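**Q** Please read through the structure below; I'll follow up with questions.
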Number of protein chains: 2
Amino acid sequence: MYGIFSYGISTPRVGFKHGNYILDLEVVSLLGYFDDLAINPVVFAQPALNDFIALGKPAHRAIRQRLNELLDNDASAFAGVHNQVFIHESRTQMHLPVRIGDYTDFYAGIHHAENVGRMFRPTSDPLLPNYKHLPVAYHGRASSIVVSGTPIRRPNSQFLQAGKPVFGPSQALDFELELGLIIGKSNPLGESISVDEAEDYIFGITLFNDWSARDIQRWEYQPLGPFLGKNFASSLSAWVLPFDELEPFRVAGPIQEPTPLPYLQTTGKKHFTLELEVWLQPAGGDEICIARSNSRYLYWNFAQMIAHHTVGGCNLNIGDVLATGTISGSTPGSYGSLLELSWNGERPLYLSEAISRTFLADGDTITLRGWGFLNGVRVDLGDVTGTIHS
Amino acid sequence: MYGIFSYGISTPRVGFKHGNYILDLEVVSLLGYFDDLAINPVVFAQPALNDFIALGKPAHRAIRQRLNELLDNDASAFAGVHNQVFIHESRTQMHLPVRIGDYTDFYAGIHHAENVGRMFRPTSDPLLPNYKHLPVAYHGRASSIVVSGTPIRRPNSQFLQAGKPVFGPSQALDFELELGLIIGKSNPLGESISVDEAEDYIFGITLFNDWSARDIQRWEYQPLGPFLGKNFASSLSAWVLPFDELEPFRVAGPIQEPTPLPYLQTTGKKHFTLELEVWLQPAGGDEICIARSNSRYLYWNFAQMIAHHTVGGCNLNIGDVLATGTISGSTPGSYGSLLELSWNGERPLYLSEAISRTFLADGDTITLRGWGFLNGVRVDLGDVTGTIHS
């Protein structure tokens, strides 16, 4: 996994995660280990991965291959320079891994969409008529995306109380368990990306927490969608897993019925099985796993999201974030938000005999974790954590 | 007005519009005319206004004052260097004036909101319950904002035809008459901007056309708002009018009843009277004015938009665009979209005996124009134009 880190008085630079150490790729590059790869070392000395991403997949594969070789045999290739190239993560500070131009949030978790429909439109079909025809999405706020570990301030705004709008801190603060795609290639404005070439436009994958203030969102969102209910903060993991590393975890997705229009039709295994977990730690308490889900529960796959996003000509840029929407499974223990876990606050979630939650309390820390594990191969995603404060 | 222009083989740089000429501020600065103002000339040699904007209002006022002095008396101060500092606009190419981090679109035109409500929810109150309590807004796509003059490609996507989703070019392509605020100062994430200080965060104002594909939007927008119906393109004027220049046009806004919550309460004249026009020119035909509106028809003022946007802690950055939403008056001749002018296609708008429109045809050019004119003072906004192609 790649990320942006600094330590001591260093400037932010590109790092590669290796156990509890970060390999300083600026130093590795300056020491000449990439010399024959014809890679400009400047891309490793940047405060964001964008220039590194722009090198393209052949270069990323060459670098990855070289890193595999260098890290073999107890990394003896680095004999004499170990202290320069390996920085223990306890000494480092992580930064937002990409400079994000635009951020889009999909709604591709069908169980989440159904649960929300059941709660808020109990007398009609839980899914709206468009849901199985197109990957519903909206544009989110890019400026307030923060790196994992950044404290999250409970937002103020308007919400209804006893039928009247009041102003104050949200009383229904929630997390959302999502994956974030990091775009790896740009398309020109006016030109679409076909569903068959769409995966080529993904640099990598992250965990993503789309913090949500349900009371604010409910009052504001008609008719144009979420605004202050979402734009106070979203948390992105510090580490981006290159898309190639997901190959061992390909699976078939759900049968899509009705069949989507041709521009959304995919064949083969375009879903991925990644285990996802949500952990909640109250202030001073123990961390407890409150949900276990899996990315295969998404209805729409990544290629369909990108094809739909661009079919009208919208241009994606390197570093853009496309999040999946909340990934819930079909059973209560797999729900990816407190909205669902507490069924809109009606059924408190007990963390212990004494402690329960409907929505998040100040001091609560939410950590999302994820990994692939199939046929003996295991790959970890970078986790995302954030603590609520008033 | 300030903008970014290039000519011949020059790099893009900051220009000041003076009649049909553009004053090359990079050259003016290098020639020493700003030497005593302690302004780094590099800010004028950039491909976006962001660094110039970051100088702050005192610097902008000093520069404006100096420009007024230099341009007095037939600009004799420039004797001997006229050809270097004045570039005729016919020789120039205009660029997007700012590097846009995020783009937000409000819905502050109350007559537009009422008209849309009457069309799509004919049996209920045209305004949704939240409308007069908060300035409704959503996040738009920043990457597809283009400078005035850029051709606009008719987007493909899904829409309903005879009740079934079909794929193809939009059959209901529309414009939206809006103003765009260019943010002039950043606030840190987690800190709000009070309604009283909000106007200090506006660098300037532009005309803005939020092109909309009504058929695509109608099918996709539930429950999370517009996506492909808007993100194929939005057009921003090439010229940004500094906010100070709007001072002569301050007027009181509408009485806001119910009284907004305290964080949205403003006193004094916080609205502006700016005449706004929409012109449509069919391919090979004459340009015809199809709507005349005024910015005073907005329900919410600029200060309220900024205060609401940030009250939950969302951070604005220099160069962000906050658009007002469609500005319609109360009478049909003042409607700021074809959706309203043709009443959702039910009443074609006749441009001549032979030519009518419900929505835009390929080859149509839409131009938005605007100006303030009060007590003998006139100030023009930069216009916005765009031609539709397939």
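Note: Cβ is positioned from N, Cα and C throughout, glycine not excepted.
Curation does not apply to TrEMBL; its annotations are automatic.
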**Q** Which of these, B:D102, B:D105, B:D125, B:D286, does TrEMBL say binds Ca(2+) at the same site as B:E176, B:E178, B:D210?
**A** B:D105
**Q** With DSSP as the reference, give the number of residues of the domain 'Fumarylacetoacetase N-terminal' (B:2-97) in helix, strand and coil.
**A** 47 helix, 23 strand, 26 coil
**Q** Run a quick check on B:Y107, B:D210, B:S234, B:T326: which of these binding-site residues have any Cβ-Cβ distance to chain A under 8 Å?
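**A** Listed binding-site residues passing the 8 Å Cβ cut to A: B:Y107.
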**Q** Near B:T326 (substrate binding site), which binding-site residues out of B:D210, B:K230, B:S234 have their CA within 10 Å?
**A** B:D210
**Q** Near B:S234 (Mg(2+) binding site), meaning Cα within 10 Å, which of B:D105, B:Y107, B:R121, B:D210, B:Q217, B:Y221 (binding-site residues)?
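**A** Passing the 10 Å Cα cut: B:D210.
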**Q** Among the binding-site residues B:R121, B:K230, point out the residue whose Cβ has the most other Cβ atoms within 10 Å, with all shown protein chains included in the count.
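**A** The most densely surrounded of these binding-site residues is B:K230.
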**Q** Of the binding-site residues B:D105, B:E176, B:E178, B:D210, B:K230, which sits closest to B:Q217 (substrate binding site) by Cα distance?
**A** B:K230
**Q** Please compare the binding-site residues B:E178, B:D210 by how many other CB atoms fall within 10 Å of each one's CB, and tell me which has the fewest.
**A** B:D210
**Q** Averaged over the domain 'Fumarylacetoacetase N-terminal' (B:2-97), what pLDDT does the prediction give?
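**A** The average pLDDT of the model in the domain 'Fumarylacetoacetase N-terminal' (B:2-97) works out to 96.
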